[in-house]
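Noted in TrEMBL for the protein shown:
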- 5-22: transmembrane segment (TRANSMEM)
- 23-287: domain 'NADH:quinone oxidoreductase/Mrp antiporter transmembrane' (DOMAIN)
- 28-45: transmembrane segment (TRANSMEM)
- 66-87: transmembrane segment (TRANSMEM)
- 152-171: transmembrane segment (TRANSMEM)
- 178-196: transmembrane segment (TRANSMEM)
- 202-221: transmembrane segment (TRANSMEM)
- 237-257: transmembrane segment (TRANSMEM)
- 277-305: transmembrane segment (TRANSMEM)
- 290-344: domain 'NADH dehydrogenase subunit 2 C-terminal' (DOMAIN)
- 325-344: transmembrane segment (TRANSMEM)
Amino acid sequence: MKPPILAIIMSTVISGTIMVLISSQWLTIWIGFEMNMLAIIPILMKKFNPRAMEASTKYFLTQATASMLLMLGIIINLLLTGQWTVLNMPNPITSNMMTVALAMKLGLSPFHFWVPEVTQGVPMSSGMILLTWQKIAPLSILYQIAPSMNPNLLTTMAIMSVLVGGWGGLNQTQLRKILAYSSIAHMGWMIAVTTYNPTLMLLNLTIYIAMTLGTFMLFMLNSSTTTLSLSHTWNKLPLIASLILMIMLSLGGLPPLSGFVPKWMIIHELTKNDMTIVATFMAMTALLNLYFYMRLTYATALTMFPSTNTMKMKWQFGSTKNTTLLPPLIVISTMLLPLTPMMLTLF
């Protein structure tokens, strides 16, 4: 794709999301979602092949269905209240319908089937945008309508998402599918705490985006798409292998890394609200995620290739890709735990 065209399309994606974030009327929010959806499809089909075409079609059909449901909820709300404002949702039917529509957009279970397929079918850079930027707009709406949502519906979807995200990724060897299932599980954690402390969901989203961006950038730097290609990293780029190990453990939520902070706070918030069983269950299912991250770290940093690379001239292994954003993302993804008291004060 030519740079000017890519710039125009990316600016449309960004402006669609910003429109959703700053709107206080349902109509402009819906228009923002549509702009974002229609502009992201050429980015998903950047490398034009049948798999990307299929993935983009799946994405379009799912998102169009979600938009239709959202519009139906908006119209019912308009008929009942006579106004377009976001914060006025007295009817449980409309709030449930909008919650389901936004769950489809986010890829929460049981509407998660498109996420691994679409992420696997598109290039790495497009998958990175899909699993990070595309989550911001629906979560911002969930943040706004949190008081009028059904907590039982949200908790059910959260538990199912954490389970699916854990079980689904166990048998995978494709890195994009593993990150897609990881995304489903993280969305489950965010949704679980939405009704009790929506600001905590935003903290979780911020740390999740930093970790996922860092992971994708490390994989793109190494041109890895499978566990096998990842296992060659230590031979070419030993430092990158150790960074992948740290970020993977952070994604799994191990202390003393940044990924532990949101899980710790969410479990704390749930137990405060007498949701001890849910918190315990989610903490146990997080071990499934940790298992497949550990598999990746084992393949990357703890296995040795049969023959060592004794070549003196390793210049051809050097990457020419831009890594400007990588150092700050790795710092955010691994070293935020000491700032927890400040975050507790803010959130």
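For all residues, glycine too, the Cβ spot is worked out from N, Cα and C.
For the transmembrane segment (178-196), the partner stretch with the highest count of Cβ pairs under 8 angstroms, out of 5-22, 152-171, 202-221, 237-257, 277-305, is 152-171.
Within the model, the domain 'NADH dehydrogenase subunit 2 C-terminal' (290-344) carries an average pLDDT of 80. In this chain, the transmembrane segment (277-305) lies close to the transmembrane segment (237-257): three or more C-beta pairs between them fall below 8 angstroms, excluding pairs fewer than 6 positions apart. Tertiary neighbourhood of the transmembrane segment (66-87): same-chain residues 23-27, 29-30, 33-34, 37, 93-95, 97-98, 100-102, 104-105, 111, 141, 144-145, selected by CB-CB distance under 8 Å and a gap of 6+ residues from either end. Residues of the same chain lying 6 or more positions beyond the ends of the transmembrane segment (152-171) and with a Cβ under 8 Å from any Cβ of it are 96, 99, 103, 108-110, 112, 116, 177-178, 181-189, 191-192, 194-195, 275, 278, 281-282, 285-289, 291-292.
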